[in-house]
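Chemist: This structure is in structure tokens; I'll ask about it shortly.
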Amino acid sequence: MAAATAAAAAAAAAGEGMEPRALQYEQTLMYGRYTQELGAFAKEEAARIRLGGPEPWKGSPSARATPELLEYGQSRCARCRICSVRCHKFLVSRVGEDWIFLVLLGLLMALVSWAMDYAIAVCLQAQQWMSRGLNTNILLQYLAWVTYPVVLITFSAGFTQILAPQAVGSGIPEMKTILRGVVLKEYLTLKTFVAKVIGLTCALGSGMPLGKEGPFVHIASMCAALLSKFLSLFGGIYEHESRNTEMLAAACAVGVGCCFAAPIGGVLFSIEVTSTFFAVRNYWRGFFAATFSAFIFRVLAVWNRDEETITALFKTRFRLDFPFDLQELPAFAVIGIASGFGGALFVYLNRKIVQVMRKQKTINRFLMRKRLLFPALVTLLISTLTFPPGFGQFMAGQLSQKETLVTLFDNRTWVRQGLVEDLELPSTSQAWSPPRANVFLTLVIFILMKFWMSALATTIPVPCGAFMPVFVIGAAFGRLVGESMAAWFPDGIHTDSSTYRIVPGGYAVVGAAALAGAVTHTVSTAVIVFELTGQIAHILPVMIAVILANAVAQSLQPSLYDSIIRIKKLPYLPELGWGRHQQYRVRVEDIMVRDVPHVALSCTFRDLRLALHRTKGRMLALVESPESMILLGSIERSQVVALLGAQLSPARRRQHMQKLRKAQLSPPSDQESPPSSETSIRFQVNTEDSGFSGAHGQTHKPLKPALKRGPSNSTSLQEGTTGNMESAGIALRSLFCGSPPLEATSELEKSESCDKRKLKRVRISLASDSDPEAEMSPEEILEWEEQQLDEPVNFSDCKIDPAPFQLVERTSLHKTHTIFSLLGVDHAYVTSIGRLIGIVTLKELRKAIEGSVTAQGVKVRPPLASFRDSATSSSDTETTEVHALWGPRSRHGLPREGTPSDSDDKCQ
């Protein structure tokens, strides 16, 4: 059937005298390029022979130069041309291929990550060097210990605020919003990239409890966006929004992969924290780029002689034959449950700190004027508490985060029955056993102090994350449980034939994964831990603890990233709660807004102005008439404002005055003499044609798509927006304000005294050919505008979306949430057999979900559910009335948006 159709099409084309061309539709149904082109050539040739047409290669040179037929030529010139064309296409296509893009992205991010780690290590070593060099003078040592991080944090905050304030914070909440379809201006630009990299390096080099993973997701996304712009020079495929979204999803995985050298965990973590629904076709992009980036990152460490070979970032040496006993599983479960409560408390504390600072208006205004004072004070407080000769000796204050993790993951036991073992521990491990305290007290103080310090430090307006501080706190908590188990079982766990000692380092690994998973609401932290440590021996305890921690934390608080989204008031859609069966009984008709801002197809400009005053939304519904409410499409607010501005523009008013002057100066023929009174002039002005196109004869022309119009419409709109602003002041104030301001009132009062003089000037200008422009009094302008507002609207001069997203009133809340999450829409119209009855936005959906989640165990019936029974009884009558609306519909012409190809793409 397909072959017959193709042959018939080729025959018809040949019969009409058209040049032979390849059938693109048929090409998608065959294997291989050569077979495909040969088949198309054979079918066209058969059609030509059957109809007796001329041979194409004996025709014009253009026919012989057809690309599809060049390879059948025998001349050397044709073969050279074929080779050059193929080489050009190969180079362009290969440079634009995904794997080239992903290799470049992974390489750049690995270089950035390694360079930042090197700079951070140098900064931390400088702080330690100054502290050790001044150990003879405690005051100078304290000043050096405190001043160094204060200077770095202050520089980071100031540099970020000056160059790009969008670089502040983690970046994962914003990327989650961007991947959902929201556009954040100046968030993926080059200056934001520079501010993020330099600011993050200074912030982490200060030694504050800040993280790197979240900002690196943002850095990788910016790198992908900039790389897409560069590669768009070779091929336009990267200019498409869908392709950019796919590359951003892969970039999020690269950010985690090159940060921890954990490609598998990076891909899974990026999916969990940024996506609700993930396209599986992007899986290979994320894994390929993350793996390549992690490989280059570790190769650079070997090249710099930091490592002997490619190994894990925090290599451990746990027992592989018997890593844990069955009797230890309850302890691992306790770690998971406690980490769940701890993660929820961390998110709550972080949010409360921000809310308290915002509610204190006096402090907030003072700190807003002194933007660098808050980060300096917080850094001063934390540095003072971590000063090693002072209180910092009881919380291992002299250790960096990397050194802390290395000591916490140590597989040797630090204590036996509460006392330090006589073992040759590394110098870093000695920091956990100060002279006047034991390991337990040091770990408890470390956990408590680092907990609130990390929650406070992550609120500093610098590029920073919270994953690494939480990871360290969880490792310390797990180490505390492990050391407690080692003290309770000093001889180890007895089995049938042997005894196995407790490994506290394994408990630290479990605690780190559990607390990090509880704060971020992810399970992939378990995989990240396996790749960080290089061992998978504790896979079962880690998975048990992470799952339990997630179960507890998700029932108490949102994730840290969702909490930041709410704090920053970004558009978000909360997840449906667990075990809330009443949300399946809530329908769209229970939560929708019934008073929908709309405009009718036959409305006037006055109706448009009223619709703009009623709502601040971005879209307005377009209906057939206020009686039928048949939804025809949606129109953007900017389009409506452009229509009103063009209708009341000074250029249009000058055009009417010029017509009026020509009518006054033209000699009367078979008509009465032109009136000279003021009222007659106003009558003539009001009776001029006031259609939007400016000419009376254009009102009956067929409607034209907005994207195919000539420059005349855009020129008139530009003149209307860039004309004389002083003469348009009254029009704009009457359009957007209920009453004129005091300055306008005083100007009107002053102009009343010279109205007669202005009217005389108008009459003189009407009788003179040398005056280029006539003037109108404010009263005449207002009267003219009132007349213009009563004119019908011609929607052919604006872009209309003929297929806005729609729902039916019986759609469940669960299904609506799934649709909004999957498609990334922010509003949907509710229709009943084509009739507009309501609208649902993210605000209504969010309120409904949060209301069902926070219900106090009582199954409350939806507020409008009581009307369903009565509505069901009258459904037949309602259906009959709605069907009756389709009969007497007036045949209005509805303009379409864009070209037919655009609408076809939308249908697909």
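Every residue, even glycine, has its Cβ placed from backbone N, Cα and C.
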Chemist: So one of THR28, THR201, THR841 should carry the feature phosphothreonine according to Swiss-Prot; which one?
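Modeler: So the answer, going by Swiss-Prot, is THR28.
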Chemist: Under Swiss-Prot, which of the candidate ranges 19-23, 534-538, 574-578, 779-783 is annotated intramembrane segment?
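Modeler: Matching range for intramembrane segment: 534-538.
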Chemist: Among 83-91, 263-271, 605-613, 731-739, indicate the range for which Swiss-Prot gives the feature intramembrane segment.
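Modeler: Checked against Swiss-Prot: intramembrane segment maps to 263-271.
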Chemist: For the chloride site that Swiss-Prot assigns to SER170, TYR561, which of the candidates PHE277, PHE278, PHE467 is also assigned?
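Modeler: Only hit among PHE277, PHE278, PHE467 in Swiss-Prot's chloride site, alongside SER170, TYR561: PHE467.
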Chemist: Using Cβ atoms only, which residues of the same chain lie under 8 Å from GLU213 (site 'Protopore gate') while being at least 6 residues apart in sequence?
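Modeler: For GLU213 (site 'Protopore gate'), the qualifying residues are GLY255, VAL256, CYS259, PHE260, GLY465, PHE467, MET468.
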Chemist: Reduce the DSSP letter at HIS538 (site 'Couples extracellular acidification to the channel closure') to three states and note it down.
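Modeler: The residue in question, HIS538 (site 'Couples extracellular acidification to the channel closure'), is coil (DSSP, three-state).
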Chemist: Could you break down the residues of the motif 'Selectivity filter part_1' (169-173) into DSSP helix, strand and coil, giving a count for each?
Modeler: 2 helix, 1 strand, 2 coil
Chemist: List the same-chain residues at least 6 positions away in sequence whose Cβ sits under 8 Å from the Cβ of HIS538 (site 'Couples extracellular acidification to the channel closure'), in sequence order, or say none.
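Modeler: When sequence neighbours closer than 6 are ignored, HIS538 (site 'Couples extracellular acidification to the channel closure') has PHE318, PRO323, PHE324, GLY506, VAL509, VAL510 within Cβ distance under 8 Å.
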Chemist: So what's the average pLDDT for the motif 'Selectivity filter part_1' (169-173)?
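Modeler: Across the motif 'Selectivity filter part_1' (169-173), the average pLDDT comes out at 88.
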